[in-house]
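Read through the structure below, which is laid out as structure tokens, and then see the notes.
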Amino acid sequence: MNYLIKTKTALKTFFNSISFSRGAYSLIDPNQSQKEGLQYSQSFLAFRHIRLKLCYFFLLAAYCSCSFLSLFFSTVFQLPKPLIGILLSVSPFVGLISSPFWSIIADRHDAHRKIMISCITCVVFVYWSIPFTGKYFGFGGLFINLVIYSLFDGGVSPLLDNLTMNVLYRKGDSAEFGRQRLFGTISYGIFIVTIGFLIDRFNSLYVMFFAFGFFMGLFILVLYSTPERDFKIDHHDELITDNIDLDQIGSTSNETLTQIVDANDMVTAPPSFMKAILKLITKPRLLLFLFVLLSTRTVKSSTSTFLYVFLSEDLKADAALMGLSSFVGVTLEVLVFYYGKNILDFTFPEVIIIGGGILTTLRASLYAFFGTSMNPWLSLPIELLQGLEFGLVKPASLEIVLQQSPPKLRATALGILAATENLSTALGQIVGGILYGQFGSVKMFLYSTWIGILAIIIYIVGLSMQKKRFYLY
């Protein structure tokens, strides 16, 4: 026990002593940050909220190894492609249940930190057991293994987003989520190449398991050093934005929006936990948003899932070009994440969601328009749309969901958001596979385009029916 206490103290001392820029760590000493860090606040190298950045950096570095699972199943266990597809589809379907489950449990018992660390620990051991499970139990064992992995993995990303938004709301930086999340994107872009190089260097796919455990271990250390108060909700932040008439708002800042309370939520006695959840998930504005997110993400998933097949089989593109197409999207995603705060300050998040839906739909429509006669190098500028869309929509999605949820249900709301994203991923893979198999690649892109257009129209009409007007400043 004394050893653990000393370890925790040493970790806190380490993070408190890092000095990339003086006063830059508002998580550690906000008063010092305000006094000495203002001159660095606009600098990319001002590492404010250092722990949050490191959390995303290490988590996405670990997730890089999961990208090689299909290759591992095919090379090591020599599974046929249909069975590999079934195994890879386990995660989004199980995440549909596990993400809100762990989020609800964390909110209900106020145990966000304990659940995160427990889930991460279980994820590491279950992931490490994949080679042994496949060797001794075959496909059935791998299927059960990935179900268990996905059950615990659902308690990681949503709760990390919840931790991030708790800290940012407390510091008045709720629009700066993108500047934390972009370090995950940077990490993913760096280490997916690094892990691939190491696999080739050592001629062993087992490198991916060592990398996963190493980065997850660093992730746990950062969480362990994070003060308990950062996982808690401030009592003075018990306000909820609900059914706001934006025409009556004089200020355009998102911080102002979060301080407006609907009279219906001013109750003398708090409702039961389950009634509060029921009220949350039946809000018309939230349901409308989740619908358009589900629809547009389904379009994005179907396009992304079969893009490499389209480039390889129809356009005869080489692997280098396919990798480059992903790289350019990630590059733009980093830039958009960094400047996301300025964009959120400039307009309402609903406008960004509409713009993101248009970008997703445009991406699919361009592939449908150029068809099989397209020059494969045109995929590079088209894939820029994907990076732009994700960098815009992710922070805006969090802003909308958290505006609609009370502080004590933030993790639950983010779990519902994660479940919607998982469902859209699974639907995109299924719908895209059916359309691709029945009608070919071009028709798949075309029908996906119509799905996106219909979703955007429904969202705009729905917002109009709620008597909300959105405009740029």
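Counting begins at 1 with the first residue displayed.
Backbone N, Cα and C define each Cβ position, glycine as well.
Sequence annotations record features per position, and here TrEMBL assigns transmembrane segment to 54-77, 83-102, 114-130, 136-160, 181-199, 205-224, 286-311, 317-339, 351-370, 445-465. Taken from TrEMBL, the feature domain 'Major facilitator superfamily (MFS) profile' applies to 286-473.
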Per-region confidence, the domain 'Major facilitator superfamily (MFS) profile' (286-473) (mean pLDDT, whole number): 85
Tertiary contacts of the transmembrane segment (54-77) (same chain, 6+ residues out, Cβ under 8 Å): 83-84, 87-88, 130-131, 134-135, 138, 142, 156-157, 160, 163-164, 180-181, 183-188, 190-192, 195-196, 199, 205, 208-209, 211-212, 214-216, 218-219, 222-223
The transmembrane segment (351-370) touching the transmembrane segment (286-311) per 3+ Cβ pairs under 8 Å rule: yes
Leading contact stretch, 83-102, 181-199, 205-224, 445-465 vs the transmembrane segment (136-160) - CB distance under 8 Å: 83-102
Dominant neighbour of the transmembrane segment (317-339) in 83-102, 181-199, 205-224, by Cβ pairs under 8 Å: 181-199
Candidate ranges 114-130, 181-199, 445-465 - greatest C-beta contact count to the transmembrane segment (205-224) (under 8 angstroms): 114-130
Top Cβ-contact partner of the transmembrane segment (445-465) among 114-130, 181-199, 351-370 (pairs under 8 Å): 351-370
